[in-house]
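**Student:** Copied straight from TrEMBL:
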| type | residues | note |
| --- | --- | --- |
| BINDING | PHE135, ASP222, GLU223, VAL224, GLN225, THR280 | pyridoxal 5'-phosphate binding site |
| BINDING | ARG138, THR279 | N(2)-acetyl-L-ornithine binding site |
| MOD_RES | LYS251 | N6-(pyridoxal phosphate)lysine |
Amino acid sequence: MHAATPPTEPHVMTTYGRVPIMLTHGRGCRVWDADGREYLDALAGIAVNTLGHAHPRLVKALQEQVAQLIHVSNYYHHPWTEPLAAALCERSGLEKVFFCSSGLEANEAAIKLARKFGHDKGIARPQIVVYEKAFHGRSLATLSATGNPKVQAGFEPLVEGFIRVPINDLDALRAATVGNPDVVAVFFEAIQGEGGVNPLSPEYIAGVRALCDEHDWLLMIDEVQCGMGRTGKWFAHQWAGVKPDVMPLAKGLGSGVPVGAVVAGPRAASIFQPGNHGTTFGGNPLAMRAGLETIRIMEDEGLLDNAATVGTYLHTQLWAELHGLPGVREVRGKGLMIGIELDRPCGVLVNRCAQAGLLLSVTAERVIRLVPPLILTRAEADEIVAKLVPQVRAFLNETDA
Ligand SMILES: *Cc1c(COP(=O)(O)O)cnc(C)c1O
């Protein structure tokens, strides 16, 4: 079912293994390729297209904004920064926002915040606790914080100042930091995304919050992938009933327009002073309008509830179809962030499912990841199951020893 001639891009660096299809347009949870074939999009540009494709209200707001002002730089004010910042603070219970354009940039800013927090306290060589299987981005600092040797290989020397621990193990965190006066922050994803959809337990997150309070460390929660409503609350850590001090956001925030943000609570909101940090594109009118309109549409359409209910439904249906199949280990996640772990590498499923009209990804080699738009309906959830399950069954059958 592939196009007769797979797309080639001889002038583009080969940093990605791409699915050989050329996508040209989309609507809702569907996209179409250059040959007119239709796909159900359960990847959403990697948890980015919150509102699906070509949402009429977002299209209208962005068209209006493009015709008014796209970019002015941070030398000047424009009307859209403060409303988006206020909207994020209101929903997170935090105080101030720095805007940028991607997830790694948000995390880079968080790491700088933590270091300056330390320096302001007289700690010359601050250290940040990070996690096994974490993913925080591909800049030198964020790949150093990332817990995946494949992301780091070839780019050493790594940035120093990170201490690594396993998830969901408070004793390991205590042991790794005991008596260390240089620790300034603990930094994790509430649900690890690239690492295989690994949720941190609410008890663990609450336990780390308490440790951070006890030791005057910053709690920094990377919500780049699991945040912005995907789990059924605005931010995944809110299921644990705690607030972080620093929260990087990106992916779903602009529903496809590149928007990143670092949201900070009282202990971190005033660490950066003029001249400490900045970016040219961050906070531009187009990006801010995209973020603000995304949040408004999410509320008007009840998309948090939708993510929770349709997510639970999809999760339940997948489990009903897949549990007990030899080779299927677990279905896990929260809301519309779902991972299906197999007992074997299953990357080939990405192309096969695309051929069957379903877009998804495989992460951590064995985990099928579903992060569809938050507008997903029950009928579309049924369609994901109907397209995916036969592919998983066939794959397991043919790879069984
Ligand atoms: C994707 C991701 C990043 C990196 O975001 P980019 O926009 O690709 O730089 C960082 N953290 C998490 C949790 C992510 O999922």
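Glycine too: its Cβ is placed from the backbone N, Cα and C atoms.
Give me the lay of the land around each of these features.
**Tutor:** Cβ environment of ASP222 (pyridoxal 5'-phosphate binding site): GLY103, ASN107, ALA110, ALA134, HIS136, PHE187, PHE188, GLU189, ALA190, MET247, PRO248 lie under 8 Å away, each six or more residues apart in the same chain.
Long-range neighbours of THR279 (N(2)-acetyl-L-ornithine binding site) (same chain, six or more residues apart, CB within less than 8 Å of its CB): ASN74, PHE99, CYS100, SER101, GLU105.
Counting every protein chain shown, the Cβ of LYS251 (N6-(pyridoxal phosphate)lysine) has 29 other Cβ atoms within 10 Å.
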**Student:** Can you tell me how spread out the pyridoxal 5'-phosphate site is, meaning the largest CA to CA distance among PHE135, ASP222, GLU223, VAL224, GLN225, THR280, in Å?
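**Tutor:** Farthest-apart Cα atoms in PHE135, ASP222, GLU223, VAL224, GLN225, THR280 are separated by 25 Å.
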**Student:** Taking the binding-site residues GLU223, THR279, THR280, which residues show a Cβ-atom distance to ligand 1 below 6 Å?
**Tutor:** none
**Student:** What number of additional C-beta atoms lies within 10 angstroms of the C-beta atom of PHE135 (pyridoxal 5'-phosphate binding site)?
**Tutor:** 27
**Student:** Round to the nearest Å and give the CA-to-CA distance linking GLU223 (pyridoxal 5'-phosphate binding site) with LYS251 (N6-(pyridoxal phosphate)lysine).
**Tutor:** 9
**Student:** For each of GLN225, THR280, count the other CB atoms within 10 A of its CB; which of these binding-site residues has the top count?
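**Tutor:** Of the binding-site residues GLN225, THR280, the highest Cβ count within 10 Å belongs to GLN225.
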**Student:** Measure from the CA atom of LYS251 (N6-(pyridoxal phosphate)lysine) to the CA atom of ARG138 (N(2)-acetyl-L-ornithine binding site) and give the result in Å, rounded to a whole number.
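**Tutor:** Pair distance, Cα basis, whole Å: 15 Å.
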